[in-house]
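As structure tokens, the structure follows; a few thoughts come after it.
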Amino acid sequence: MNKNILLIAALALVLALVQISMAGDPDILTDFIVPLNTPPPADGGFFTFTGFRALVTAPFPPTFKVFKAGMEQFPALNGQSVSYAVLMYPSGTVNPVHTHPRSAELLFLVQGSLEVGFVDSTNKLYTQSLQQGDVFVFPKGLVHFQYNADAKNPAVAISAFGSANAGTVSLPNTLFNSTIDDTVLALSFKTDVATIQKLKAGLHG
Ligand SMILES: *[C@@H]1O[C@H](CO)[C@@H](O)[C@H](O)[C@H]1NC(C)=O
């Protein structure tokens with residue numbers, strides 16, 4: 001066998017492993033990044049996100065809600081590989097099955113209780129009943145959910161991400177609220193078009 005080919009293959013493997021071990025946002029060559037055509041920050045204001053202040057006094061939302069402090073809401077996070085989300089679950093509500101393509105999620109349950117779970121790449125489900133004060137990690141890229149099964153009490157969690165823009169791929173929306181052809185979905189799920197349309201109707205509604 002050609003030695004060079006083996007060498008190139010080995011090099012490619014090493015590079016791939018280095019990529020995996022450095023999984024996170026790309027490193028930046030400056031202390032921080034300000035948006036284009038913006039002067040350097042005059043003070044700490046640029047590094048402060050006040051968007052969560054309103055949550056302190058706001059009434060509890062009637063449906064499950066996520067409030068994000070990611071790069072979009074908080075530009076100073078660009079290049080820093082971190083972000084937050086505040087998650088509020090009225091009693092009986094779910095954060096539907098979803099993945100974050102660019103980060104693990106470290107969830108801290110500050111109020112109430114939550115049933116959480118994720119499925120690994122061998123389809124094994126890992127679940128836990130979290131109580132107030134618990135911290136749970138959802139590994140990067142894996143499908144997961146949170147459910148407030150408590151019939152009376154709301155739940156509040158704060159999630160940290162190892163990316164300034166973790167991204168969210170909601171499975172119900174990706175599959176049944178996009179424009180993937182009904183036939184493709186029917187064949188994919190080994191069912192009929194009517195069943196697919198029923199699932200779609202629920203999300204369009
Ligand atoms: C389905 O998609 C529409 C259009 O993008 C959006 O307005 C709606 O909120 C989505 N439905 C759900 C349940 O998220």
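The chain as shown is numbered from 1 upward.
Cβ atoms here come from the backbone N, Cα and C positions, even for glycine.
As written in TrEMBL, here are the features:
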type    : residues                      : note
BINDING : ASN95, HIS100, GLU105         : oxalate binding site
BINDING : HIS98, HIS100, GLU105, HIS144 : Mn(2+) binding site
DOMAIN  : 64-197                        : domain 'Cupin type-1'
SIGNAL  : 1-23                          : signal peptide
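Location within the structure of each feature annotated in TrEMBL.
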residue: ASN95; record: oxalate binding site; Cβ neighbours (10 Å): 23
residue: HIS98; record: Mn(2+) binding site; Cβ neighbours (10 Å): 19
residue: HIS100; record: oxalate binding site; Cβ neighbours (10 Å): 23
residue: GLU105; record: oxalate binding site; Cβ neighbours (10 Å): 26
residue: HIS144; record: Mn(2+) binding site; Cβ neighbours (10 Å): 21
For the domain 'Cupin type-1' (64-197), the DSSP helix/strand/coil residue counts are 21 helix, 57 strand, 56 coil
Mean of pLDDT values spanning the domain 'Cupin type-1' (64-197): 98
What are the other residues, in sequence order, whose C-beta lies within 8 angstroms of the center of the C-beta atoms of ASN95, HIS100, GLU105 at the oxalate site? ALA85, HIS98, THR99, LEU107, PHE138, HIS144, GLN146, SER159, PHE161, ALA166, THR168
Would you mind reading off the Cα separation of HIS100 (oxalate binding site) from HIS144 (Mn(2+) binding site), to the nearest angstrom? 9
Residues lining the Mn(2+) site besides HIS98, HIS100, GLU105, HIS144 (CB within 8 A of their CB center) are THR99, PHE118, PHE138, LEU142, VAL143, ALA166, THR168
If one measures from the C-alpha of HIS144 (Mn(2+) binding site) to the C-alpha of GLU105 (oxalate binding site), what distance in angstrom results, rounded to a whole number? 10
